[in-house]
Amino acid sequence: MIDYQNQTLAVDGVPLTKIAAEFGTPCYVYSEAALTAAFEDYRASFASLDPLICFAVKANSNLSILQHFARLGAGFDIVSGGELARVLAAGSPADKVVFSGVGKSEAEMEMALNAGIHCFNVESVNELARLDAVAGRLNKVAPVSLRVNPDVDAKTHPYISTGLKDNKFGIAFDQARATYHAAASLAHLKVVGIDCHIGSQLTDVTPLIDALDRLLALIDELASDGIVLEHVDIGGGLGIRYTDETPPDIAAYAEKVAERLAGRKLKLVMEPGRSLVGNAGVLLTRIEYLKLGDEKHFAVVDAAMNDLMRPSLYDAYHGIVPVEKKAGVATMTVDVVGPICESSDFLGKNRDLAIEQGDLLAVLSAGAYGSTMSSNYNTRSRAAEVLVENGQTRLIRRRETLDELLVNERELLAK
Ligand SMILES: *Cc1c(COP(=O)(O)O)cnc(C)c1O
């Protein structure tokens, strides 16, 4: 896992100094042992329910990481045809894939129907109509779950961002029953389940359990209408520790879910993302310049908002630590910033660090929504990615060359 050994930060025993020397910076480094441990925590905690644990691919879609989860027995939650191509390339059986998202195109539906995915998580009446038409054209029947918006009380849980009435996700709870009837009447759909996903980085499971209770009440109403569901998908959303959060205890969560599902013939599906990968990775970066001012000091590093967008996008906090703990270096308070021409290009503000120009820093908890959100802004190659497996390092994504950044574009014709 990720800890200091002889004053140097190491991933699964490999010093990050060695990884920086071999692969350069900026570079994402992941611990395979930490990925496995996070998955096994879910599997062991929920063992009595034998769930389908669908890793939310958007959190980290590197092929090697998907392949690792596929080998552990995970399914996948995808949100695009591109992510479907990735999980199939990673060797996942299509029937362990659920397809979420509010804007599925006809081409994406066709691709998923031809692959034979487990289920479409449908988010609107118009999506149902489109899916029915596409399935009909292909002479197939699409397995369908409705993403229901449980409208969990925002007053008690103000941090929830996707489970409330006024956001774009899901079907309003009070329209759900009628929408199920509409779905059941369409010839090329088979209603198989129900799903919800109420938000991300939750540190309390109460709203998740409240949401499940609402879904179960709806499942009972539907059963009395003759619509019997096979599975309930409780989404993802469990938080991780970035600084001083106390993430939920997965075993305690599992126990509450198991109580609710006892005596029911419902298969459990879940869609964890961040909690499977977030703390398994760091972003390794080197200090290009220390820039000391009268009011403020800056550590200008070679990673930037294009590599890790969360601080700029959500004002998210990531721990930042020196890779080497050096004796006799004074601590100073710095903003850790990148080279990009935007004032929002920062990785951390007002950090107390004992550092010198040229030192390596590790941005912690960068395994989720890090690499997947990266871009080529400022014509910067995206960071390399390295996986440490049993003390061996493996480059799982090489840094793009500058030629590759230009290859899809065309010059003006000669005049
Ligand atoms: C993003 C997402 C997830 C994963 O959320 P985490 O907070 O990373 O666990 C699961 N389901 C859906 C539908 C999502 O959009």
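Along the chain as shown, residues are numbered 1 onward.
Every residue, even glycine, has its Cβ placed from backbone N, Cα and C.
Bear in mind that TrEMBL entries carry predicted annotations, made automatically and left uncurated.
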Going by TrEMBL, ARG274, ARG310, TYR314, GLU342 bind substrate; tell me which of TYR180, TYR242, TYR369 is listed for that site too.
TYR369
Which single residue out of GLY237, GLY338, GLY348, GLY391 does TrEMBL record at the pyridoxal 5'-phosphate site shared with GLU271, PRO272, GLY273, ARG274, TYR369?
GLY237
Let me make sure I understand the structure: which of the recorded positions listed (LYS58, ARG274) has the fewest other Cβ atoms within 10 A of its Cβ?
LYS58
Measuring Cβ to any atom of ligand 1 with a strict under-6 Å cutoff, which of the binding-site residues ARG310, TYR314, GLU342, TYR369 qualify?
none
Among the binding-site residues GLU271, ARG310, TYR369, report those whose Cα falls within 10 Å of that of LYS58 (N6-(pyridoxal phosphate)lysine); none is a fine answer.
TYR369
Go through the binding-site residues ARG310, TYR314, GLU342 and tell me which ones have a CA within 10 A of the CA of TYR369 (pyridoxal 5'-phosphate binding site).
ARG310
Between the binding-site residues TYR314, TYR369, whose Cβ has more other Cβ atoms within 10 Å than any of the rest?
TYR369
